[in-house]
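Feature annotations, courtesy of TrEMBL:
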DOMAIN    28-133  domain 'Immunoglobulin'
DOMAIN    140-227  domain 'Immunoglobulin'
TRANSMEM  261-285  transmembrane segment
Amino acid sequence: EPLLKINLVLSIHHVPFLPAFLCKVTTEEEFAVLEGGSLTIPCHYEPQYASYVKYWCRGRTRDFCTSLARTDDHHLVDPAEKKVSIFDDPVQQVFTVTMKDLKEGESGWHMCGVEIGGVWEADDTAFTNVKVIHGMSAVNPRMSGAEGSAVTIECLYRSEKKWCRSGDWRSCLSTGSDGSYEDSSVAIRDDRTGAFTVTFKKLQLKDTAWYWCSAGQQKTAVHLLVTPQPTTVPPVSGQSFPDLPPAKPITRETWSSHSPMLASVVVCSSVIFLAVVAILAIKFWRLHKSDRVPRDVEEMRAKFSGCSREAGDFQNAAVLFLNKDSQDVHVY
């Protein structure tokens, strides 16, 4: 039973015609490009594969697929000089492969792959058939424009025309019998000389994606990048603020309007200062008066101590104050 499961996995892995819902990596089944031209192929993958290694190889099976480009190839080579280059965009969950200067002998089956790395788990892949013929190409496979502006994509063809968003064939817009299509956002024009143009009238950020020019069974990919509209800040000098009152200059008149209030503050401060001084003066005067009584008593003690107790009996002595001012003491 385990052997049967292994054989079943290998068999499914080697079949290039599996339905899209069985694969986690998807791309178109067929691409056509003019000989000598370039071809860009988008390969969509699931969000869980954002950090995985992606690769592009040539062959009908994984075991016999010749590697042409890998995202982990870090050789210092300018991608513009490579014949086959690969670029991964984890934000849009798509990696793109660009093949340049294609020759008719390079036609055949190719494969988009996500390297899982497990021993018992096969890589997730998607096969596509590349046809290098005379028929269908885009003049410029990569376009860009600012948000809100217009951009025109020119596709060369030899059959019926369609314009589709990659990964959603329900979005396809087809030209009518007169070779044109137009709505509020997109216009398609056919000049009947081998080219038709697709014009986005007013670009939006959500228009950034991969698209298809389709003519019959032949398709070519075009990437459109919409950049944010640059913001401009108007000069401050030109702005007016009607809600704000004009500033009043500091003049002698405006200063004098505050003079009454300033005078009242000065008067109140002076009164408080004088009251504090008066209170302090009274306290110092009372303190000085209380100190004189002990001083007079000490002087009286000194005079009494100068007299001997033998000179007489102080019990019958009399103290006589001659006058109030001098306060001299005489003992009789």
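Placed from the backbone N, Cα and C atoms, the Cβ positions cover glycine too.
Curation does not apply to TrEMBL; its annotations are automatic.
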Problem set entry | Residue distribution over DSSP helix, strand and coil in the domain 'Immunoglobulin' (28-133) | 9 helix, 53 strand, 44 coil
Exercise. Under the DSSP assignment, what numbers of helix, strand and coil residues are found in the domain 'Immunoglobulin' (140-227)?
Worked result: 3 helix, 54 strand, 31 coil
